[in-house]
């Protein structure tokens, strides 16, 4: 039986086959379109120039985004999510799961964690020996924990996550435009070759297959691209679409959704001029994410108590500081909605004045 490292090396080598296949198809499509179609088949000089300009524009953006998707390394949890050496030794020596969870709970008190396992425990990767940040998952193909992991894509031989998800979306967009442009501009010559209106030359084979290949990839890419656009609008990963993240208050598939515009900004950034360029503009660090469920968390709830007092009309609001992590993750839009709801409920003031006491229980 071959050693494990040899098998691992063979597996990594074979994993490049889909990428090599895509690269070969793209190289052939470039030759078939530029040389066989534009140079040998199209007669009009103006048509050649227009086709060549738009073709190279889509080609460059497609190759650029594909390159970035392949070679940008997946982001991993930082050192603060690793157990201290003493705690790690205690964790490994412990045989009882409840004692191991106590160690993890103590280590996670200073970490911005809001998701849990299905059983409500701290998410810990025994393989990487790190406490998993929110939306982080272990990729068995890459053998590492990946921040905001979406899926492992064999066509790019890389794990799609926080560091390259924007590049992956742009790769799908530009590959779709690339194929659509080829199919649309080749169609008339495809029909002419098929009806024998053009001379039967060696370019006929390339033009016919160019249309078939472009149309086939258009159909497959369109469905995948549409699905990921829907995920971006909902601020979900592929993993979260199949298995809703579990928060302290329970599972919620829309726990990270902040509204359509903010969801798009999470992936593409605030500056729209950079949205179509394969450059890093995603918001955040991949370790913490805003969530609309923080204020609904059972450990961080705000309790509102109405008490009637016949002799007072003042509004008493005792101060209670909110932790920094809560402040960062609380959604301003949700707070505005809560204030509007309270005002609507209190429009009818009774004859006797009321005192409203609000107490906020901060996370310990």
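Yeah, the Cβs are placed from backbone N, Cα and C, and that goes for glycine too.
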*Among 49-67, 68-86, where does TrEMBL put the label transmembrane segment?*
49-67
*Which residue range, 117-141, 142-166, 167-191, 242-266, is the one TrEMBL calls transmembrane segment?*
167-191
*Using DSSP, what's the helix, strand and coil tally for the domain 'Palmitoyltransferase DHHC' (123-242)?*
67 helix, 16 strand, 37 coil
